[in-house]
Amino acid sequence: MLSNIVKKTIQSSKNLKSLVLNKSTSSLVYQKRFLNVHEYQAQKMMKSYGINCPVGNVAETPEEAEKIAEVMNTQDLVVKAQVLAGGRGKGIFTSGLKGGVQLCSSAEDVKKFASKMLGHTLVTKQTGEDGKVVHQVYVTERHFLRKEMYFAILMDRKAGGPVMVASPEGGVDIEGVARDNPSAIFKEPIDIMIGVQPEQTKRLAEKLGFSKKNISMAQDQMKKLYDFFIKNDCTLVEINPLAETASGDVLCMDAKLNFDDNAAFRHPDIFKLRDKSQEDPREVKAAEFDLNYIGLDGNIGCLVNGAGLAMASMDIIKLYGGSPANFLDVGGGATQKQVTEAIKLISSDKKVKSILVNIFGGIMKCDVIALGIIAALKELSIATPLVVRLQGTNVEAAKKIMEDSGLRLIAADNLDDAAQKSVRIAEIVSLAEKSDLEISFKLPL
């Protein structure tokens with residue numbers, strides 16, 4: 001598995017949601033983990049722990065949504081598109097509908113909006129231009145809120161455990177609050193050996209501005225959220241907003257939950273909720289072969305062993321003016337089959353114009369890498385130019401295997417050389433495609 005640090009760094013480059021709570025470098029960062037559940041799933045789980053959430057139900061058709069609204073028997077309704085991405089409220093559907101969260105006053109309204117959401121693609125600032133297809137909508141009761149606040153529990157590497165993070169400015173982009181008004185962010189580190197303490201939750205409840213009569217209720221909800229976080233091996237429990245309603249209730253209006261994939265064996269029921277249709281299919285495919293893959297936006301594919309070397313390879317590609325198309329770590333002991341599948345995966349990305357293979361053989365043997373590359377090239381007739389830099393165990397055997405293969409592999413002896421060749425080739429291929437030209441490369445470059 002990727003380390004949290006590597007995942008955080010890579011996913012930040014994908015413009016995924018991350019939170020830095022200090023002006024300077026902070027260790028308080030959360031990121032998308034292996035499992036991220038839908039809002040309706042999150043609220044169902046939370047309710048079983050006594051956490052207050054709005055009444056609601058999920059629908060997969062406009063007719064189901066209408067029936068749910070009829071049963072709720074109220075004119076104060078909300079229909080929410082269910083996608084694993086933030087920014088729904090300001091998103092745009094391929095149907096032309098603006099906003100993935102719509103207020104409704106009747107069951108007919110709910111059906112109308114559900115029909116414009118279900119089966120359509122929602123594009124938000126977090127989905128990228130491809131967006132995500134909506135397969136469910138969540139129909140809930142609407143509440144009139146007296147005050148909206150932000151509350152989260154996440155893992156803090158610096159503190160060595162969980163920390164509660166809260167702000168009186170909820171219902172908005174919390175990253176913007178942290179950037180523009182860091183004094184509005186409050187933190188309470190938790191000693192995992194004794195758990196969250198009443199004085200901690202009271203301090204936060206008072207700083208958030210709960211009315212005096214609701215301080216104890218807010219404390220109770222914070223304690224239950226912490227219990228949920230610990231018992232389910234969460235990496236993030238985010239409530240935005242945590243609200244005080246006009247009727248005097250304390251409600252978790254919207255929830256984002258992430259679970260530690262390393263604890264999947266302890267929570268099979270939770271991990272069955274994984275919605276692969278909302279994930280990058282390349283990442284799903286990579287997981288089948290125990291490959292650590294994260295798709296990016298560039299045009300230079302990367303196949304590397306070791307997360308640190310992979311990060312360095314991506315950095316040097318950027319240094320020479322290129323842009324990596326992915327992070328792919330085959331690990332320290334990959335098989336020929338894994339290498340073959342890694343090459344297939346990278347080459348399946350139409351944006352990729354060149355591929356950099358950078359292997360330092362320790363436990364991983366260079367000849368295994370060479371055999372995997374050749375197998376993939378022969379099986380798929382891959383035309384994408386490959387720049388291969390190998391060093392370490394069995395490197396001479398690997399070079400001979402590649403020379404004897406008769407395939408047009410571009411060799412490099414050091415990382416600078418490999419990166420420069422990869423960037424140059426990607427530029428040439430991109431220009432040729434724009435000009436509708438066919439090109440070939442004469443070796444050595």
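Glycine too: its Cβ is placed from the backbone N, Cα and C atoms.
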Return the residue out of ASN305, ASN326, ASN394, ASN414 that Swiss-Prot annotates for the same substrate site as GLY362, ILE363, MET364. ASN305
Chain-internal residues near PHE144 (site 'Important for substrate specificity'), provided their CB is under 8 angstroms and they sit 6+ positions away: ASP76, THR245, ALA246, SER247
Counting every protein chain shown, other Cβ atoms within 10 Å of the Cβ of ASP76 (site 'Important for substrate specificity') number 13
On average, what pLDDT score does this prediction assign to the domain 'ATP-grasp' (43-270)? 93
What is the interatomic distance between the Cα atoms of GLY362 (substrate binding site) and GLY89 (ATP binding site), given in whole Å? 49
